[in-house]
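Quick look at what TrEMBL lists:
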TRANSMEM  27-55  transmembrane segment
DOMAIN    31-478  domain 'Major facilitator superfamily (MFS) profile'
TRANSMEM  67-84  transmembrane segment
TRANSMEM  96-114  transmembrane segment
TRANSMEM  120-142  transmembrane segment
TRANSMEM  154-172  transmembrane segment
TRANSMEM  184-207  transmembrane segment
TRANSMEM  324-345  transmembrane segment
TRANSMEM  357-375  transmembrane segment
TRANSMEM  382-411  transmembrane segment
TRANSMEM  450-474  transmembrane segment
Amino acid sequence: MTEGKGIEARKIVGDFNSSKKPKRNKYAFGCAILASMTSILLGYDIGVMSGAAIYIKRDLKVSDVQIEILMGIINLYSLIGSCLAGRTSDWIGRRYTIVFAGTIFFAGALLMGFSPNYLFLMFGRFVAGIGIGYALMIAPVYTAEVSPASSRGFLTSFPEVFINGGILLGYVSNFAFSKMTLKLGWRMMLGIGAVPSVLLTLGVLAMPESPRWLVMRGRLGEATKVLNKTSDSKEEAQLRLAEIKQAAGIPESCNDDVVQVAKQSTGEGVWKELFLYPTPTIRHILISAIGIHFFQQASGVDAVVLYSPTIFEKAGITDDTQKLLATVAVGTVKTLFILVATFMLDRVGRRPLLLSSVGGMVLSLLTLAISLTIIDRSESKLMWAIGLSITMVLVYVATFSIGAGPITWVYSSEIFPLRLRAQGAAAGVVVNRTTSGVISMTFLSLTKAITIGGAFFLYCGIAVVGWLFFFIVLPETRGKTLEDMEGSFGTFRAKSNNGVENENAKVPQVQLGTNLHA
C-alpha cells in the first residue's frame, strides 16, 4: 500500500513538470536570487585578479611564480570554508551560513584593499578564500532545497549566473580603475569587492530558512509555510513535505508544528557513509559529483578567465587598455550565454546540454591551441591567427557557460540524498577548488615549459576524457524530485540521446560494486 502511494506521488510530481508548465514561482525565484548572490564574491575575485595582477606585479615587484600563486591560492584557502560549511549549515541553518560567508569575505576584501605588501595581500586572500568556500557550497544547496521540481534546474543555475556576473563586474572594475595611480588602482579594484558582501548580508534577511533544514530540526510548521510559498501548488507542497519527512525519518502521520527528530543531522557518520561504506547507489552519486567538478575545472576554464590578458598578449595585443577591453568582452559573452543556459536546463535536460557544451569546448580548445602555436612560431604578425585566437577564447567561454558551467552546480546539488546533501556538496566544492587552484597556480609555469599552445592542447585532451566520463556515468535528472533522485543511480544503463533510459538497448545493466562474473 505504501509502495502504491509512493508511485502515485511520483506520478503526481511528474505532472507538475508536464506540458502544463506552471508559472515560475516568484517567491522561490526571489529566494534563489538572494542566495545565489553569494557567488558574486567568487566571480568578482576571479575577474578582478586577472587585471589587478598586471599592476600588482609592477607595484610590488614580484615574479611570475608569486603572481600565479597569489591568483590561485585563494582556491585552496576556500577549501577550509567548504569543509566547514557542511557542518556549519547543518548546525546554524543554510540562511545564517550565507550571512557568515558574506561577513568573512567583507573582511577579506578590506584587508586586500589596504595591503601594504605581498605577505599582507596573501593574508587578505586567505580570509576572503574562507568566505568564498562557504559561499560556493551553500548557495546551490539552499537553492536546490527551496526550489520546486519544475524549475529546479533554472533556479539552481543562478549561482553560476552570479559567478559570471561577478567576473564581468571584476573585468569592468579593472578597466575603470586602471587609469588611477599604480599604488591606488589595484587596491581599489580589490577593496571595492567589499560592497557586494554588504548588500548580500542585508538581502539574506528577507529569505526564509530551507524547508528541508527545518524538517531536519523538527520544525514542521515553519517548513510547511515555506513549502506553501515556494511550491507551484498546495498539493505539490504537501507531497514535498511528505517526501522530506520520509527522508528525515519522521512518520507521515505526524503533523505537529514542532516534533522531536530522533537523529539530528549534524554531519556525524555522514563522511563514513560517503567514503568508507557507500552503497552502490551512493558510490555512483559520489563518483558523478566528484567527476563533474573535476572535469569542469581541469579543462582549463580558470586559466582562460584568470589569464585572459596574458593569452591576449601572447596572441599579439600589447596595449593594457586593449587587453582589459578584450577581457570585458570575455566576461560579457560568458554572462550572456549563462543566461541562455538557465532557460534551457529544465527544457532540454542536463545530459544533452552538458555533452553539447563539452563537445564545443573540445573544438574551441583545439583550434585555440593550433592558432596560438602558429603565432608562437611565426616571425611575422599574422592578423588572421590573432583574430582566430580571440574568437576561440570567446567561443570557449560561451560553450562552457551554456552547459559545463551551470550544470556542474545544478547536478551536484540535486543528486545527493537529504542526509548526505550538505557534506556531499562540500566534497564536490573541495574537488572543484583544488583542481582550479592547481590549474591557476601552474598556468604561467606550464606555458613556459610546453608553450601556451601546448598548455591548451593538454586542456583539450582532458576535456575529451571528460566528455567520455559524462556520456558513460551521468544519468539524466531533469524533472525528478530530490527525494526520488537515488533511483537514477547505482547502475550504468544505455541511454538515448536525450538521456532517457533506452529499454531496447542490448547493453547489460552493471551495478556498481558487484562482481561482473557472478
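Count begins at 1; order follows the chain as displayed.
Note: Cβ is positioned from N, Cα and C throughout, glycine not excepted.
All annotation found in TrEMBL is predicted automatically rather than curated by experts.
Sequence-distant contacts of the transmembrane segment (27-55) (same chain, at least 6 residues past either end, Cβ-Cβ under 8 Å): 67, 70-71, 74, 78, 94, 98, 101-102, 105, 128, 131-132, 134-136, 138-139, 142-143, 146-148, 151, 155-156, 158-171, 173-175, 178, 182, 185-186, 189-190, 193, 196-197, 199-200, 203-204, 206-208, 229-231, 302, 305-309, 320, 323-324, 327, 331. Contact check: the transmembrane segment (96-114) against the transmembrane segment (184-207) gives at least three Cβ pairs closer than 8 Å, residues 6 or more apart, which meets the contact criterion. Here the transmembrane segment (450-474) has Cβ contacts under 8 Å with residues 284, 287-288, 291-292, 295-296, 298-300, 303, 311, 314, 350-351, 354-355, 358-359, 361-362, 365-366, 368-370, 372-373, 376, 411, 443, 492 of the same chain, all six or more residues outside its ends.
Take the transmembrane segment (67-84) and the stretches 120-142, 154-172, 324-345, 382-411: counting Cβ pairs under 8 Å, 120-142 has the most. Confidence for the domain 'Major facilitator superfamily (MFS) profile' (31-478), expressed as mean pLDDT, is 87.
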